[in-house]
């Protein structure tokens with residue numbers, strides 16, 4: 001994919017952002033510049049080093065495989081081992097062996113077996129089963145509640161590790177699991193009250209979980225943090241420790257090369273010259289896509305999805321922070337036509353982007369057609385056209401000073417959340433698992449997809465509405481909710497957060513067996529919701545990436561794990 005190129009037309013003004021007396025007033029956002037520059041262009045992959053790490057992984061991988069299926073290992077110890085394997089991002093290597101063990105243990109499960117088991121162990125067991133699709137009943141936690149009052153016993157507050165396990169377990173709850181709803185609120189308060197008194201790894205574990213529970217974090221980052229903060233668990237088995245370190249190094253090399261490829265592509269396309277008003281966020285977008293799937297086999301998929309998502313950034317910022325309403329209408333019409341002849345009707349400054357967009361999609365479609373999977377590219381392209389129409393709708397609202405009703409806003413807002421474009425584009429390079437049936441399932445837009453899409457829309461709205469409002473945008477979910485239901489701003493935000501919480505419960509339910517599609521296809525849906533949480537939980541981490549995303553990029557691509 002590094003070779004995928006498009007010729008940029010010449011004759012573009014040196015700075016499309018320059019405003020002369022003859023130009024219209026534009027809604028410029030003055031986005032912060034990239035903090036990375038050309039830093040990632042200089043990486044040079046030594047393929048022999050990558051191969052050495054692949055070979056070195058084989059021995060500890062085989063040793064760990066034997067441990068996972070060891071019939072003499074105690075069930076709690078085995079579940080603890082599988083938990084560490086999962087937290088370290090190694091599950092995909094042993095899925096067959098892990099499922100065979102969990103099938104057996106799940107069939108043998110009995111509530112009576114939990115009577116003498118401590119809170120931490122029960123929590124770990126619960127998380128293992130739930131993370132891997134087995135609906136272990138939440139009743140396992142009822143023993144820690146007072147029978148007369150119905151509240152959690154104060155005695156568990158002396159077990160910080162147990163509380164931490166219960167808090168992480170509560171993130172996996174589905175609708176109607178009252179014991180876990182109560183646990184989430186109760187334990188969060190208790191952990192916040194004691195975290196400042198803790199020391200060492202336990203302090204880091206609690207801080208990490210309170211900042212962002214594992215289930216809602218980016219898998220690659222969570223794996224690295226687990227390796228750093230759970231030394232005892234990671235070093236309990238030599239094969240686990242060795243494999244994790246080698247795996248991290250292998251992924252680091254592969255992913256730095258992918259980041260170099262997309263950075264060079266972006267630079268060669270000259271977007272910063274032809275559309276200088278846009279957000280320059282190549283490492284951030286690559287990180288976002290890496291959050292959907294980190295496994296080595298999805299290297300091509302990551303490169304394709306990153307490029308398409310970068311197109312989306314150019315489109316979004318053109319509609320939102322540069323183009324006039326007349327220009328937006330013309331560009332939307334051209335994208336609907338998807339034909340090079342339409343280039344004459346659009347403003348000169350956006351013509352290079354339009355040509356690159358069509359050329360790149362055509363080349364990706366040719367590549368996928370050779371594998372019999374051009375349908376995934378077509379689905380991505382149609383989603384791109386949908387979002388252009390959605391952006392136009394928002395622009396018309398803003399131009400007319402119109403505040404939509406909340407249902408009206410959500411109908412269009414689910415499109416403009418970019419969820420559909422990113423999720424469909426993520427499928428393009430995934431290979432044979434994206435069958436006709438799998439694509440049809442995506443198109444059917446069932447509950448799990450709807451939930452992830454809703455999180456993508458509302459988490460963004462809750463964090464960005466003030467910035468958008470300051471820039472004269474009337475199309476925000478918070479404003480639509482206030483207008484429709486006559487509530488205060490605080491009440492509107494609280495209600496949207498409840499909707500987000502319930503959507504997480506629906507995603508959790510959708511990932512449990514029996515599933516409609518394989519977890520390979522569900523994982524990007526779950527992980528896209530996770531990445532929305534990463535980017536928007538505390539601030540608009542994409543527009544202003546100086547905090548969380550910068551920290552994560554440094555951890556994965558700048559710093560290096562000592563070998």
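Placement of Cβ uses the backbone N, Cα and C atoms for every residue, glycine included.
The following features are taken from Swiss-Prot:
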- 316, 320: Mg(2+) 2 binding site (BINDING)
- 316, 320: Mg(2+) 1 binding site (BINDING)
- 460, 464, 468: Mg(2+) 3 binding site (BINDING)
- 316-320: motif 'DDXXD motif' (MOTIF)
Average pLDDT across the motif 'DDXXD motif' (316-320), rounded to a whole number: 96
Fewest other Cβ within 10 angstroms of its own Cβ, chosen from the binding-site residues 316, 320, 460: 316
Shell list (Mg(2+) 3; ref centroid = CB of 460, 464, 468; cutoff 8 A): 461, 463, 465, 467, 476, 540
Nearest-integer angstrom distance between the alpha carbons (Cα) of residue 468 (Mg(2+) 3 binding site) and residue 320 (Mg(2+) 2 binding site): 10
Rounded distance in angstrom between the Cα atoms of residue 460 (Mg(2+) 3 binding site) and residue 320 (Mg(2+) 2 binding site): 15
DSSP-derived helix, strand and coil totals, residue by residue, for the motif 'DDXXD motif' (316-320): 5 helix, 0 strand, 0 coil
